[in-house]
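Working notes, structure below.
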Amino acid sequence: MRIENNGLNSQASVADSGRSGANGASAAAVETNGNGAGIRNGSGKLEGGSTASSFTMLAPPTPKPSYFGHDREEITRIVIQSLVDLGYHKAAGVLEEESEYTLESPEVSEFRDAVLQGQWNKAEELLFGLEINKDADVNALLFYMRQQKFLELLEVADVSKALHVLRTELTPLNQSVEKLHSLSSLMMCISADDLKARAEWDGAAGLSRQQLLSELSKSISASVMIPEHRLASLLDQVKKNQLSKCLYHNTANSPSLYTDHHCDRNQFPLSTVEILTDHKDEVWFVQFSNDGARLATGSKDHTVIIWDLEDFRPIHHLKEHTGAITYLRWSPDDSKLLSCSQDKHAKLWDTTTGGCIRTMNAHTDWVSSCAWAPDGLTFVTGSVDKEMILWNLLGENIHTWTGARVYDLVVTADGTRLAAVCTQHKLHVFNFVTREKEYERDLGGVSTCISVSKDSRYILLNMGAGVQELRLLNIETGADVRHFSGTKQEEFVVRNCFGGADENFVVSGSEDSNVYVWRKENGALVEVLPGHSGIVNCVAWNPTNPYMFASAGDDRNVRIWSKAPQPQLKGKMKGVADSFTISSITHSEATQTTTLTITDATPILTDAHLGDSISVSGTCLTITSFTKDTFTVDLSPETLRRTTFPQSLPPSSSSPVQVNLERAVSGDVRFGGHFVQGHVDTIAGIIDRRPDGSSVVLRFRPRDREVMKYVVEKGYVTIDGASLTVIAVGGGSEEGEGQGWWWEVMLVEYTQEKIITARKQVGEEVNVEVDITGKYIEKQVLAYLGAGDGETRGGLLERIVERVVERKLAERK
Amino acid sequence: MGLSYNVYLNSNRIYGCKNCKTHLSNHEDILSRNFRGQHGKAYLFNTVVNISEAEPVERNMTTGRHVVRDISCRQCNEIVGWKYDKAYEASEGYKEGKFILEAELLVNVR
């Protein structure tokens, strides 16, 4: 017995099961002719082995090792198919030989050849030999094949045969009658070209046979005939999966297959890099120019400011409106700017000179919105006076749409549609070219803002009171695609925008002072960014820079958000050796203690021991644990009350919380300041900040007015741990009391670089410790005067006076 | 406080703020025309829109003691009338939750 062929036999049986599976009869048939065409081992021994193997089929196959858990055969056949797809036929052949798997069994190859060569009868026979999916409609498959036969016969003008096919082969299949009718009508075609045009068929020589094969192969069992381009479709799925998991995906590039795709959070714009404060009242609108070089902001203070984004300075102040600015739009070429206002006018400005080119005053109520046609020659303004007007650049009214009181409108980038939302909770979509209304849809709630995606297919709505979410709609059908929630929007207009590379994100403002960012593809909330105080009215993303966006708020500020700045760049601040960042804050409810952790603190920890004192922004704290570069300190509730330390880091800080660190004074140091205990008395807010030459003067107002007693001109005060000289005290006369209510310190350039206070802006707070000497003196004086310690009378002064009076009275006697 | 649009009413006779024409109420919402305010004639309305309410105060009116709050136009902040919170006399109870707009401070908007 050819036991030594066992290995080969097992191969045969394994290959067989790969080919036609269940069909036992054909397995036997395959056995005999399989060795010639199938297993191309080329060894003559195999011939003999095969006849023996029909008796030894019972030998169990020796399993080949699986490919890291995947079936070896599946993988190999898929690889073979990919090699063929890629055009490497020789390599495919070699792989088939070496692996002893075949991409397709011989029947499938024969079937494929038969179809491609138009041998229809053979193809039909072979079709039944193949394993067809259970739910496949065999008649439909046959119809398809015979239809191809029919069309090809007509193409060569063999009408009688074609008719024969139609009668005897197509009709009995009981497919749809219309199909039969259309096929029979094709017989009337004069020429082959006419036939091809009518039937939308490209002839026997074209791709039609390939297409037929593709269609048929979809119904054949997948293990027999592997679906086309299987590897490519598997990889597509993997990419899609990785992309959907990548929360911060902010590039338009397709991810590489070499590594698992994962966008870093630090690449996402999370920090405020600039705050623009020039507006004198709430800022209601912000938009980047289309080239990303400038920014336009509109405010309740009736002005529009155009900013340069290189240095964040204003270029033009446009001041002609007499009402608050509600909306702005750059023209597609950025040469003009449209502004809409509550003074019922819309104005067209030249962005280079800052001059007003034209004023449109046809509206009888607030102008709420405007949009440019993509060619930049016409624009639409919408108003709550029920009209939307289409203007040309000369200010002439070309067309008016009447009917809805419009809150916001957009024109799609391809110029086909105009969409608007109105006070009656409806969405209206018009064809911009024909100006006809396409449809209107009830939204079920008031929508304050509408944006359109760059591909002109989706619109994004902000829903207000009662609904409070964002909705993404398909512009063709008006149907909801996705919802994004988290924002608060009850009474006021809050606006949204698409953003990020390839418009991967959806951004919105909110009445709770945060900016919200979601992933457009799956609605996942990516970030909630605090920073503004008051409603965030409008957001805009830089169209040319996927790492920058802007937000405008009721706090009169416009914030520019970008990636966290690298430590070594940006402007006037040079190396800040003594300022460090709090890396985390944790709070324990049980002990009511908060623990601060500061990392990257190696320079300050050189000879540290547990229990050493360290001044953190002027607060003397004890080191509770430390490593070479990290240490932790605990903050008691009293410390938290008296200082500016937050109880927790804001979630994704707009700017990291920085502190100054200082170790306790050692014995041999030169003493150039005053004794700072590190015991913070109170916190103070910065109420003014002005330059004085290259120095900066900061004015502070303390939270607890009592500390003013200890602050004297030219005395010392400790701010955030830095000992500073008081240059002025004031605020007395206005407040009507003698102690005053503010003091000022001056920071020279050197100090500005070293201490964190120098970077704080008006409104921020600092830790304050007053000179302890003042307190001791005060207590002594009070004790002498008897004004404290619960004594109702007595005290030294009173006794002195008593004695003197007694003596005098005694003398008089 | 942010940009907030007015509510717009749908009817043939709408009363609006004399100062800025903001819609306040419909003619159909009038419950009674038999009132007098500081500026003369006043009407009792069922509902009004686009107003902001002040703090409630007790006032003695010709019909008795009431708790009222002044209401003003939301856009221009001009006082346009008052709202009855509570009436101490039972016979005046029908006024509770309703609004008075003074005719002198209103204008017909279309």
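Keep in mind that glycine also has a Cβ here, set from the backbone N, Cα and C atoms.
The compositional bias 'Polar residues' feature in TrEMBL is assigned to A:1-14. The compositional bias 'Low complexity' annotation in TrEMBL covers A:15-29. The compositional bias 'Gly residues' annotation in TrEMBL covers A:35-47. Residues or ranges marked as domain 'Lumazine-binding' in TrEMBL: A:568-674, A:675-781. Per TrEMBL, region 'Disordered' is recorded for A:1-67. The feature repeat 'WD' is assigned by TrEMBL to A:276-317, A:318-359, A:360-393, A:502-528, A:529-562. Positions annotated as repeat 'Lumazine-binding' by TrEMBL: A:568-674, A:675-781.
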Determine which residues of the chain contact the repeat 'WD' (A:318-359) at the Cβ level, with the cut-off under 8 Å and only residues 6 or more beyond its ends counted. 281, 284-291, 293-294, 296-306, 365-372, 374-376, 379, 381, 383, 393-395, 408
How about long-range neighbours of the repeat 'WD' (A:276-317): same chain, 6 or more residues beyond its ends, C-beta under 8 Å? 323-330, 332-334, 337, 339, 341, 343, 349, 351, 354, 493, 495, 534, 537-545, 548, 550-560
DSSP helix, strand and coil counts for the repeat 'WD' (A:529-562)? 0 helix, 17 strand, 17 coil
With DSSP, how much of the repeat 'WD' (A:276-317) is helix, how much strand and how much coil, in residues? 0 helix, 23 strand, 19 coil
